[in-house]
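A quick write-up on the structure given underneath.
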Amino acid sequence: QGFKYYVEAEDADILILTETKVNNEPVDPALTQRYPHRHWTISDKKTYSGTAILSKIQPLSVDYTLPGHPDASAVKGRIVTLEFESCYLIGTYVVNAGTGLKTLDAKKEWNKHFELYIRELDKKKPVIWTGDLNVAPTALDLANPKTNWNKTPGYTEAETSSFARILNTSGEEPEAPKFVDVWRKLHPDLRHYTYFSYRFNCREKGLGWRLDTFVVSERLEERVKMCEIRSEIYGASDHCPVVLELDGPL
């Protein structure tokens, strides 16, 4: 019920959902009446992963693949790409490195192909990438960086370095495009989080992680009007919504 209230109150032009865990495409009027263009990818595993982009704006094309990835079933439920006139929009539920980092190799495989994919798209049009990225990019992006480093999924050298390579902020790869972590660029020193485990009263204690964000091609940065974490929204998920507002049409 809280989710419906949020959807109605935010009234976003586009809604990106991750880790939906649905087995069939929902037909809730709160979604179907508001968003005529609904694109769901559902995992073959029951109540597992799942990603959707719901839009008031009709896209030019839709893709559910991650080119080059050798396991289509591992990709299903994790990525939706919409093409619009002026940009691409990618919604992802990125692979979690797993308890004890047991699926870190699968995460590395995903990251390898995703880096290539987002760069290839950027050659054609600017890109907006969002969702649960399952990485805390820097020590500012989680409550306890020292105790979690290279031990906890989402904050390992392999994961943070992959994210940094995509941003390419330092320009170490001059031929590669640059991307911007929008919320962090607007709030360079803040410690705000988007994920709080339901265990151990993490939300009340402020023990969170910033795993959800918007990453945009550098040339889209001038169109950003606002990017905020809706920290006040609680109950529908262990993640908080993140909102991006851009100037101009998609």
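Including glycine, each Cβ sits where the backbone N, Cα and C put it.
Per-residue pLDDT, averaged across the domain 'Endonuclease/exonuclease/phosphatase' (7-239), gives 96. Positions annotated as domain 'Endonuclease/exonuclease/phosphatase' by TrEMBL: 7-239.
Spatially close to HIS239 (Mg(2+) binding site) yet at least six residues away along the chain are ASP132, THR194, TYR195, LEU211, ASP212, judged by Cβ distances under 8 angstroms. Summarising the annotation, TrEMBL assigns Mg(2+) binding site to GLU19, ASP132, ASN134, ASP238, HIS239.
Per TrEMBL, active site is recorded for TYR93. Every protein chain shown contributes to the tally, and the Cβ of TYR93 (active site) ends up with 24 other Cβ atoms within 10 Å.
Taken residue by residue with DSSP, ASP132 (Mg(2+) binding site) is part of a strand. Taken from TrEMBL, the feature active site, proton donor/acceptor covers ASP132.
All protein chains considered, the CB of ASN134 (Mg(2+) binding site) has 23 other CB atoms within 10 Å. The site 'Transition state stabilizer' annotation in TrEMBL covers ASN134 (among others).
Taking all protein chains in view, 21 other C-beta atoms sit within 10 angstroms of the C-beta of ASP212 (site 'Transition state stabilizer'). Residues or ranges marked as site 'Transition state stabilizer' by TrEMBL: ASP212 (among others).
Residues or ranges marked as site 'Interaction with DNA substrate' in TrEMBL: HIS239. Secondary structure from DSSP puts HIS239 (Mg(2+) binding site) in a beta strand.
Under the heading active site, proton acceptor, TrEMBL lists HIS239.
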- Fewest C-beta neighbours within 10 angstroms among the binding-site residues ASP132, ASP238 belongs to ASP238
- Name the residues of the same chain, 6+ apart in sequence, whose Cβ is under 8 Å from the Cβ of GLU19 (Mg(2+) binding site)? SER49, GLY50, THR51, TYR93, ASP132
- Task: Would you list the other residues of this chain near Mg(2+) - those whose C-beta lies within 8 angstroms of the C-beta centroid of GLU19, ASP132, ASN134, ASP238, HIS239 - in sequence order?
- Result: THR18, TYR93, THR194, TYR195, LEU211, ASP212, SER237
